[in-house]
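Structure first, commentary second.
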Amino acid sequence: MKLAGLKSIENAHEDSVWAATWVPATDDRPALLLTGSLDETVKLWRADELDLVRTNTGHSLGVAAVAAHPSGIIAASSSLDSFVRVFDVDTNATIAVLEAPPSEVWGMQFEPKGTILAVAGGSSASVKLWDTASWRLISTLSIPRPEAPKPSDKTSSKKFVLSVAWSPNGKRLACGSMDGTICIFDVDRSKLLHQLEGHNMPVRSLVFSPVDPRVLFSGSDDGHVNMHDAEGKTLVGSMSGHTSWVLSVDASPDGGAIATGSSDRTVRLWDLKMRAAIQTMSNHNDQVWSVAFRPPGGTGVRAGRLASVSDDKSVSLYDYS
């Protein structure tokens with residue numbers, strides 16, 4: 001696999017762009033790129049030209065994360081205003097507004113079948129699960145905190161949950177915390193199975209392999225990208241190359257590669273057989289907050305796409321084959 005720069009839009013937003021994901025194709029349209037920014041807006045872009053389709057408003061503070069339903073019909077944005085807005089992709093009509101206490105809506109992802117939206121609960125040290133039929137809170141998966149911390153012990157505050165990821169079969173949910181730990185939950189039983197270790201700084205991003213539900217990738221402020229056996233509780237490998245925080249990680253649809261975005265202003269492509277970075281892209285001149293591979297599917301799709309977004313307000317699109 002090799003990346004080639006396709007197009008970059010400078011000043012795609014009026015402030016830092018923190019979030020990006022792909023809205024899957026439907027029968028009526030191809031996949032769209034969804035971006036969220038500190039300028040309080042969410043924008044939709046055409047997949048090949050990066051033409052702006054629509055700008056969505058509705059938040060009163062910056063957008064921290066975006067997520068797309070597997071149907072491609074609805075999407076969600078979480079904001080520093082402590083609300084999650086669920087909206088119709090094609091009409092921008094608001095479907096639901098989910099409210100949380102301050103500092104409790106961060107990363108989020110729809111379950112692969114689309115029945116649940118998982119939201120990283122930040123300072124509540126939990127993951128909230130919302131039913132997508134009723135938009136009611138159906139479960140709270142809590143992260144174990146240290147027992148009876150001393151006044152000088154700051155570890156309890158480090159259980160701040162930043163990131164979530166569903167396994168491809170929807171049976172497991174992973175969440176990453178500020179202290180570097182990753183918790184694996186059995187969703188059906190609302191049970192914490194185990195914790196994965198290997199990072200010593202915040203875990204900003206998680207993604208399961210699309211071809212092996214046991215394999216989980218994590219990106220951390222410690223500069224490493226770790227590969228875990230999420231069932232066997234083992235660290236399979238650790239990849240390094242970034243010179244600063246790893247802010248985002250995503251897996252290619254064929255499961256053969258991952259891409260990462262970092263505070264070192266680069267996007268890196270990693271070959272999983274070699275377990276090494278095989279390409280570095282320097283399209284951005286500030287922190288790269290999110291990278292996202294376009295999902296397969298849709299008519300007329302001939303080439304792969306990877307998107308990246310940055311504090312420099314830009315959106316970049318890459319071709320890969």
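All residue numbers here begin at 1 and follow the chain in the order shown.
Just so you know, glycine gets a Cβ as well, placed from its N, Cα and C.
Feature annotation from TrEMBL assigns repeat 'WD' to 10-55, 56-97, 154-195, 196-238, 239-280, 281-321.
If you look at the repeat 'WD' (281-321), the same-chain residues 6 or more away from its ends with a CB under 8 A from one of its CBs are 1-22, 24-25, 30-31, 33, 35, 37, 45, 47-48, 50, 245, 247-253, 259-263, 265-269. Same-chain neighbours of the repeat 'WD' (239-280): 1-3, 201, 204-212, 217-227, 286-296, 304, 306, 308, 310, 316, 318, 320, counting only residues six or more beyond its ends whose CB sits under 8 Å from a CB of the stretch.
Within the chain carrying the repeat 'WD' (196-238), a Cβ under 8 angstroms from the stretch's Cβ atoms is held by residues 107, 162-169, 171-172, 174-184, 244-255, 258, 260, 262, 270, 272, 275, all 6 or more beyond its ends. Secondary structure of the repeat 'WD' (196-238) per DSSP (helix as H, G, I; strand as E, B; remaining residues coil): 0 helix, 24 strand, 19 coil. Note: the repeat 'WD' (154-195) comprises 5 helix, 22 strand, 15 coil (DSSP; helix = H, G, I, strand = E, B).
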